[in-house]
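A.B. asks: I am attaching a structure below and will ask some questions about it afterwards.
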């Protein structure tokens, strides 16, 4: 049978097929997208203009994680077998000690959100910029004797990236086992030669991709946004920095870059290793070595590693922000490069204001993604009208992800206050319960607020109508950003 492509019937059939596929995709969105806003944001355009939205939905909308969930369960089973010979008794004792401490109550429901428990007797150190962070990371790797685990969302082949590469090659030549994991989407500009040089030198390096096979080239919605470094199971790092010169202030338009990391030692490092192991297993079907000390110091602070992702049975990251805001009795200060709260988190912020809580949110004054910046600006204006104190950091680009609740609880990690971190990305955050550490975080944030300009109601009124239109369009698609 010969198809006449010039026949008017052909185009009619083609349009009919596209609309049929649009209906099917719209139904798929209604059944799979977790929020009503996101489902409507996809379903309506798919139903009415499928010829414009089918391909974007294929790229950004697919939400099938059955393979990942199955692999993670298999990884957990294999990890339990592999870890059976390790001495977990000291670690379990720290979990029990944490539950019995007075500070534990300050976390409220937070310990129940994740798979990993709250643990006592950890040591934490605040790293308030890129130089302090990478000086500490490089110094720790220099002293490595057994195993180095490195995971970043972005690795660039620039001055900092090359310095890390050479250091890892040198340690591998000394006999240290080195494992490097990066996100395929976040590190899309990383040349294959960078990874190949590491492999040639004995470093095990792999990309994390949430779907296997050729389709992953087109499906970019789900990203592993975690930043983890663990050295010999004794020293670890977690926070907002990636590997690139811009994180040291090397990007003129965004410099100076403002970000925060934490250096950690203690039993919570087992949780960072477990998170890395799960992601590594998904990428390689193999498990890296896990190192547990035979004993921990008797002095330290309560910490919990909260790993979250789209394969979780509940929306762990979103629920964390909700509980952190709801638990505040005196203050909740949040810094995030993006401010796109869902309805529940936005309502929690408004309620906190009504309770008399000092609610402050610090966001950038410069955009790195213009659509997200526009949507964030509109949400910021609405938050100001609700009584939330919104600030824009002036010196450079603000990328840190920090939450401070009252006088004891702080959270530092990779999660932004936006829908992508809530429901699409794999994130990890370190919760710490300690008055002294919270004081350090407070001192750091006060300095940041001193270098910020508070957003006022006049800023909204002074915004041009065309800009306001752009912001509202950006907000319409914010559930899928």
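Backbone N, Cα and C define each Cβ position, glycine as well.
Features from Swiss-Prot:
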type	residues	note
TRANSMEM	10-30	transmembrane segment
TRANSMEM	40-60	transmembrane segment
DOMAIN	220-247	domain 'PLD phosphodiesterase 1'
ACT_SITE	225	active site
ACT_SITE	227	active site
ACT_SITE	232	active site
DOMAIN	394-421	domain 'PLD phosphodiesterase 2'
ACT_SITE	399	active site
ACT_SITE	401	active site
ACT_SITE	406	active site
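For each listed feature, how buried is it and what is near it?
C.D. replies: Within the domain 'PLD phosphodiesterase 1' (220-247), the DSSP-based counts of helix, strand and coil residues read 3 helix, 11 strand, 14 coil.
Sequence-distant contacts of residue 227 (active site), defined as residues of its own chain at least six apart whose C-beta falls under 8 angstroms from its C-beta, comprise 151, 152, 153, 237, 238, 239, 240, 241, 242, 261, 414, 428.
All chains included, 19 other C-beta atoms sit within 10 angstroms of the C-beta of residue 232 (active site).
Long-range neighbours of the domain 'PLD phosphodiesterase 2' (394-421) within the same chain, counting only residues 6 or more positions beyond its ends whose Cβ lies under 8 Å from a Cβ of the stretch, are 35, 38, 103, 106-107, 126, 153, 223, 225-227, 238-241, 247, 249, 251, 254-262, 306, 308, 317, 320-321, 324, 327-342, 345, 361-366, 368, 372, 376, 427-435, 437-439, 441-442, 444-445, 448, 451-453, 478-481.
Just so you know, the Cβ of residue 399 (active site) picks up 25 other Cβ atoms within 10 Å once every protein chain is counted.
Within the same chain, residues at least six positions away from residue 401 (active site) with a Cβ under 8 Å of its Cβ are 239, 240, 260, 335, 336, 337, 412, 413, 414, 415, 416, 417, 429. Reduced to three states, the DSSP call for residue 401 (active site) is coil.
The Cβ of residue 406 (active site) lies under 8 Å from the Cβ of 106, 327, 328, 329, 330, 331, 332, 438, each on the same chain and at least six residues away in sequence.
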A.B. asks: Reduce the DSSP letter at residue 406 (active site) to three states and note it down.
C.D. replies: coil
A.B. asks: Between the Cα atoms of residue 232 (active site) and residue 225 (active site), what distance do you get, rounded to the nearest Å?
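C.D. replies: One finds 23 Å between the Cα atoms of these residues.
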A.B. asks: Give residue numbers and ranges for long-range contacts of the domain 'PLD phosphodiesterase 1' (220-247): same chain, 6 or more residues beyond its ends, CB-CB under 8 A.
C.D. replies: 59-63, 65, 127, 130, 133-134, 136-137, 140-141, 143-156, 158-161, 164, 181, 183, 185-186, 208, 210-211, 254-255, 257, 259-265, 268-270, 272-273, 275-276, 279, 290-293, 305, 307, 310, 399-401, 412-415, 420-421, 424-430
A.B. asks: How many other Cβ atoms are found within 10 Å of the Cβ atom of residue 225 (active site), counting all protein chains shown?
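C.D. replies: By my count, 27.
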A.B. asks: Using C-alpha atoms only, work out the spacing between residue 399 (active site) and residue 225 (active site) and round it to an integer in Å.
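C.D. replies: If we compare the Cα positions of residue 399 (active site) and residue 225 (active site), the gap is 13 Å.
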A.B. asks: Calculate the per-residue pLDDT averaged over the domain 'PLD phosphodiesterase 2' (394-421) and state the result as an integer.
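C.D. replies: PLDDT averaged over the stretch: 96.
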